[in-house]
Amino acid sequence: MERYFKRRFASTTSSSDNVGSSSSRDVDISRDVDSSKESELQDILANLIADPGLRPQMLDYDPNIRDEVRRAYPQKGPCQPKDHTFPQTDLSGYDRRFNVKWFDEFDWLEYSISKDVAFCLYCYLFKSNFRIGQGCSDAFTEMGFRNWKKKDKIRQHVGPVGSVHNQSRQYCVDLMNQKQHIRTILIKQSEQARIDYRICLTASLDCVRFLLRQGLPFRGHDESDTSSNKGNYLELLQFLADHDEKVKAVVLENAPGNLKLIAPTIQKDLVNACATETIKKIINDMDGAFFSLLVDESRDVSVKEQMAVVFRYVDKSGM
């Protein structure tokens with residue numbers, strides 16, 4: 001057990017001293033975390049990898065800094081080594097190589113000197129916003145394109161107006177447009193309003209994470225104000241409010257009428273957000289490794305089949 005839990009020794013100080021010191025330690029830790037994240041971001045931005053064949057995938061970056069990294073690459077510009085001597089490759093008996101004129105025709109096109117393949121800057125930055133099966137391809141993002149005799153494939157990658165490439169390009173334009181950026185919009189709000197919303201959202205997410213981890217239902221049969229049991233989500237949120245004055249001041253009846261974060265659709269949005277991030281994390285941890293699925297069904301008292309799925313895999317660290 002000592003491998004997983006550290007021993008806790010009794011302190012000689014009084015409980016009141018412990019409360020005061022723990023509060024100050026929490027503030028110091030929070031500041032240290034923010035400082036370390038800012039330092040990490042500055043280090044990443046100062047050492048951006050120009051060669052698209054050597055870059056980490058966008059999902060490998062922390063979600064809190066992805067937009068900053070995404071904004072840095074367009075500012076730096078696509079990797080287009082026009083003075084490079086492109087090597088020739090034997091394709092169907094003919095020597096072919098990358099044509100430097102393609103850079104002028106396709107402003108998003110990038111070339112990897114290390115791998116002798118072409119990539120798409122916009123799709124690299126925003127491909128993670130799309131689900132598998134929405135037209136996403138690894139040809140211009142992970143594997144790279146090198147069929148130099150088929151220039152039409154590059155045009156096909158662009159596709160129609162609603163293609164993944166064009167949507168990714170629009171995402172990039174919106175991100176670079178500071179007037180439309182979410183951070184600029186939030187600045188227009190008062191500092192206190194943003195703090196209150198963050199506290200409310202954090203409390204709601206804490207409830208969602210707890211219920212998901214324990215496999216408990218969210219909704220109640222009667223969620224009205226006069227109900228003695230409004231369901232696990234609302235009751236847990238009320239429990240947090242009763243034990244934290246900061247939370248109580250911004251949730252439930254003290255929250256704005258259009259920002260309570262308790263509607264069924266909002267609950268589903270929070271659950272879907274947790275599920276999406278969990279799936280991304282699992283896929284990233286697997287890194288193409290083998291996995292196993294255990295599936296079982298049993299009939300409950302309502303004579304309905306209930307299915308349970310167990311997903312097992314070994315991550316990059318061998319865990």
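Indices start at 1 and increase along the chain as displayed.
In case you wondered, yes, glycine gets a Cβ from its N, Cα and C as well.
Note that the coordinates shown come from a computational prediction; the quantities given were computed from them, not determined experimentally.
The compositional bias 'Low complexity' annotation in TrEMBL covers 11-24. Per TrEMBL, compositional bias 'Basic and acidic residues' is recorded for 25-36. Taken from TrEMBL, the feature domain 'TTF-type' covers 94-187. Among the features that TrEMBL reports, region 'Disordered' is placed at 1-36.
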What does the DSSP secondary structure composition of the domain 'TTF-type' (94-187) look like, as residue counts for helix, strand and coil?
39 helix, 12 strand, 43 coil
Taking only the residues in the domain 'TTF-type' (94-187), give me the average pLDDT of this model.
81
